[in-house]
Amino acid sequence: MSCGAILTTPYLSFPSNIFPRHKLVPATTGNNYVIRCSTSSPGIPVTTERLRNDTLLTGGAFDFEKATTCLTKKVLDSPKKVTIVRHGLSTWNEESRVQGSSNLSMLSEKGAMQAERCKMALSDMHFDQCFSSPISRAKMTAEIIWQGKEEPLLFLDSLKEAHLYFLEGMKNEDAKRIYPKEYTTWREDPSNFCVDGVYPLQKLWERAHEAWEEILLTPGEHFLVVTHKSILRALICTALGLGPERFRSVDINNGGLCVFKFNKGGEAMLHSLNMTAHMYTDHVYHY
C-alpha cells in the first residue's frame, strides 16, 4: 500500500487513509519535503527527497529546557558539553584480570595506539579543560590525548575506578573459581555486591555525583574527561537519573567516546554513547 507526506508552507499534509482525523499539521519551518513509502512491509526503505536546504526532516535538538535530574546545586554560568573517553586497552584487559581501583595495570601498546586514535579523532575540537582519573591507565591515555595543550591536566579522585577489594588483580577465571558467590554477584547483580558491609556501587554512585559537580562548576563550556568503564557507567546513569541496579545497562569500549550536553540548570541530555568509528577508520568528529 502506497503512502506519502508533503510538507508545504505552512502545513504538513498527510493522506486521509493514514491520519483520517488530522488532515493538516502546522509546519515548524518553511522547508518543503516529500516522503514516499511503497508498503508497510519490513525491509523496504522509506525514500526521502530533500527539496530545500539540508535540514533533516526529523530535526535536531539545538537546545533543551528540561531533562531528568539536576546534577548541581547551583545554576551553571552557561550550557556545557562534556566528552568522556574510556582509557585505551590495558595490560590487565589483555590478561582478562579484574582491574578495579588497582594502579598496577598499565596502558598496553595497543592501548596507546587507541589513545592516539582518540587524539586524532578529537583534533578539530576545542576543549577548555581535561579531567582525568589519576590511575595510571587512564592517566596515560589522557596524557597522550592532551599532549601539546597549554592547559594542565586536572586529576580527580572522584574519577577513580570502583574498588573491588580482593578480586582486583585476579584473572576472571580464577576469581570465578575461588570466590564463586562474590564474583557471580559482581557480574550478574552488581548493585548487591557487598564486601564487609560496603557496597562498591553505592560508593561509585556517590563519587559520580561528586565528579559531575566538580566538572560542571568549572569555568568553561566544553570539557574532556578520561576515565574507566565502571565509573563511566556510573556517570552515565547518574546523569540520566538511573540507580545502581542499571549499572550493566550500558557498555563502553576501550577508547569509546560518550557526549553529554547540559543546560544551565545542570540537567543532562545524552548526545552520543560509545562512539567507536575512530577505532577502525581515520574519522574526525565535528560535533
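Each Cβ is built from the backbone N, Cα and C atoms, and glycine gets one as well.
TrEMBL: automatically predicted annotations, no manual curation.
Going by TrEMBL, these are the annotated features:
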type	residues	note
BINDING	R86, H87, G88, L89, S90, T91, W92, N93, R137	substrate binding site
ACT_SITE	H87	active site, tele-phosphohistidine intermediate
ACT_SITE	E161	active site, proton donor/acceptor
Which residues, same chain and not among R86, H87, G88, L89, S90, T91, W92, N93, R137, have a CB within 8 angstroms of the centroid of the CB atoms at the recorded substrate site?
E94, Q99, S105, M106, L107, S108, G111, T141, N254
Other than its own, how many Cβ atoms are within 10 Å of the Cβ belonging to R137 (substrate binding site)?
30
G88 (substrate binding site) CB neighbourhood, other CB atoms within 10 A:
28
Which ones in the same chain are close to the residue listed as 'active site, proton donor/acceptor', with CB under 8 Å and 6+ residues apart in sequence?
Q99, G100, S101, S133, I135, A138, T227, H228, K229, S230, I231
Restricting to the same chain and to sequence separations of six or more, state which residues have a Cβ under 8 Å from that of S90 (substrate binding site).
Q99, S105, M106, L107, S108, G111, R137, N254
Can you give the largest Cα to Cα distance in Å, as a whole number, for the residues R86, H87, G88, L89, S90, T91, W92, N93, R137 that bind substrate in the record?
15
What is the Cβ neighbour count of W92 (substrate binding site) at a 10 Å cut-off, with all protein chains included?
21
If we count other C-beta atoms within 10 Å, could you say which of the recorded positions R86, H87 has the fewest?
R86
